[in-house]
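Under the heading transmembrane segment, TrEMBL lists 20-46, 66-90, 102-128, 148-172, 207-234, 246-269, 281-300. The domain 'G-protein coupled receptors family 1 profile' feature in TrEMBL is assigned to 49-298.
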Amino acid sequence: MPCERCMERDNKSTDATMEFLLLGFSELLCLRVLLFIIFLIVHLVTLSGNVMIFMAVVMEPSRPPMFFFLCQLSVIELCYTLVIVPKALLSLLVVDGSTISFIGCAAQMHLFVALGGAECFLLVAMSYDRYVAICQPLHYVAVMSEGLCLRLAVACCLGGFAVALGLTVAVFHLPFCQSHRINHFFCDVPAVLHLACTQSYPPELPLLAACVLLLLLPFLLILTSYVCIAAALLHVTSSVGRGKAFSTCISHLAITLLHYGCATFMYIRPKSSYSPARDKIVSLVYTNITPLLYPLIYSLRNKEIRAVLRKMLRRKKIAQLN
């Protein structure tokens, strides 16, 4: 049943004039300065790490498919943090929260979900790359051609943006109550759904469908790839060869567990279990900490990436000396 204070959505009251108030961390007034400094440092380090990996891959003349996907992952993470973190930092500077327009809130939600969805699909493409490399090594170059990698990259982006568009349209077609105070530091889906003037289950169906398309199906595909990889490794007699093959998957597995773990905890649950304080803490992890960990994981675990980064830094030193 709709609430009694639902706003009328007619031609006289347009969505363009509506504003939401992002409360952010208004309950932590005494820690605002400290949190701002911490988040700013983390944001700058995240941007630097992803830019460094992106530049290292772009400047490398011979790029294997995994480098191509890693470059796209860095671009997604850069855009991902730029969509969320600046508004979060602003919410720490403003005591009573920061306002965001209806269109701005919808755009932020769409970009956030689209980039997260593109990353889910990209992790599937990267798992397929590992499957071909380990299970079909003789056909790897022929199968993982530049054309296929480009098509997979485009499909990941288009798939993420299409699902995000459907979810965003469905969420912002709901009637909202007069209270437009979002107890969050960005327009996250559960936080906006919490303002909807309805207690029925149907408004949650678009979120459930998006979770199936962006989380469940990609995770099952990744799981299938690694089951095939594990089966292939059982036939490898050399423990050295088995360890070397498995080490190439460690970075991808770590990122997959981080990404899907946080996303599953946040979105695959009923509306009744919504907790603003808990959600903001978890959101801090997957919007600030995980993008920081991604370049660290790949640069520390991947020998090829470390070699490319050393080569880039060496070129920079030579250029400075000259």
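Including glycine, each Cβ sits where the backbone N, Cα and C put it.
Bear in mind that the values here come from a model prediction, so they are computed numbers and not experimental data.
For the transmembrane segment (20-46), the residues of the chain that approach it from at least six positions outside its boundaries are 77, 81, 85, 87-89, 91-102, 105, 180-187, 192, 280, 288-289, 291-292, 295, judged by C-beta separation under 8 angstroms.
Looking at the domain 'G-protein coupled receptors family 1 profile' (49-298) alone, the prediction's average pLDDT is 85.
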